[in-house]
Amino acid sequence: MRIDVVSIFPEYLAALDLSLIGKARRDNLLDLNVHDLRDYTHDRHRKVDDTPYGGGAGMVMKPEPWGEVLNRIATESPATGPLGEKPILIVPAPAGAVFDQAMAYELAEAQHLTFACGRYEGIDERVLEHAAESFDVRPVSIGDYVLNGGEVAVLAMVEAIGRLIPGVIGNPESLVEESHSDGLLEYPVYTKPGSWQGREVPEVLLSGNHAKIARFRRNKQLERTAARRPDLIVELDASTLNRHDRDTLWHNGFALVEGRIVPKDQIAPE
Ligand code: ADE
């Protein structure tokens, strides 16, 4: 996969040289190019922002350098095919669609992703309109809070997407059991020593009984998700739950009513 990132702080993206994503780059699984937006300015001060039309606080990123860098990336894109398919341009912004594991899986299939890191009050809107001629433009948020710019969001997204590219993670099995892969949070994990600070590893994990271990882990997933992310529980497909799952959910505050999972406190009394 090719990834291009445009930023006025290219040093921010140096973290993508480390760990699994850095290794993926060295193994040529990921062709990552970071562009300094200021390299596309033509004035002595390398100015990338200006005051907003209509007034208001803060500064807005000027369109010209963005137009130049995005044109160049679009021209070089391996994803601009004969059928008119467009490469994807992700614009990190708190006003975007929320990034989640399903989006990470979808984007991991792409041949080419470009990330446009805005700063200040954002990028002149005409840049996104112009870019839509060459890119499939997607404003994306990593959560309901405001960062100072898109760089940290790009680090999070590139890591989440990059680890799903075949070959990046040594043991792809580990992707199957992690949080969010089946709509539930991951079960707790333990390693040696079996006893630490007076705390014991749950006995069932030492039993060698694989069915019991699987049930214990599934119960922990359901309990945790019910406590921490009840919004995920009500989204579960009830037809995937067996009798044990329904029983665990009942003991953790959820009931199955007419094929739907609902919090028990929302069931009207007879
Ligand atoms: N830029 C500023 N805040 C952001 C957020 N929450 N997600 C993505 N990009 C952002």
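Backbone N, Cα and C define each Cβ position, glycine as well.
Any TrEMBL annotation is an automated prediction that lacks curation.
Among the features that TrEMBL reports, domain 'tRNA methyltransferase TRMD/TRM10-type' is placed at 1-233.
The secondary structure of Gly118 (S-adenosyl-L-methionine binding site), as reduced to three states from DSSP, is coil rather than helix or strand. A sphere of 10 angstroms centred on the C-beta of Gly118 (S-adenosyl-L-methionine binding site) encloses 24 other C-beta atoms. Sequence annotations record features per position, and here TrEMBL assigns S-adenosyl-L-methionine binding site to Gly118, Ile142, Gly143, Asp144, Tyr145, Val146, Leu147.
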With the Cβ atom as the reference point and anything under 6 Å counting, tell me which of the binding-site residues (Gly118, Ile142, Asp144) are near ligand 1.
Ile142
Longest CA-CA distance among Gly118, Ile142, Gly143, Asp144, Tyr145, Val146, Leu147, per record bound to S-adenosyl-L-methionine, angstrom:
17
Residues satisfying Cβ distance under 8 Å from Gly143 (S-adenosyl-L-methionine binding site), sequence separation of at least 6:
Val98, Phe99
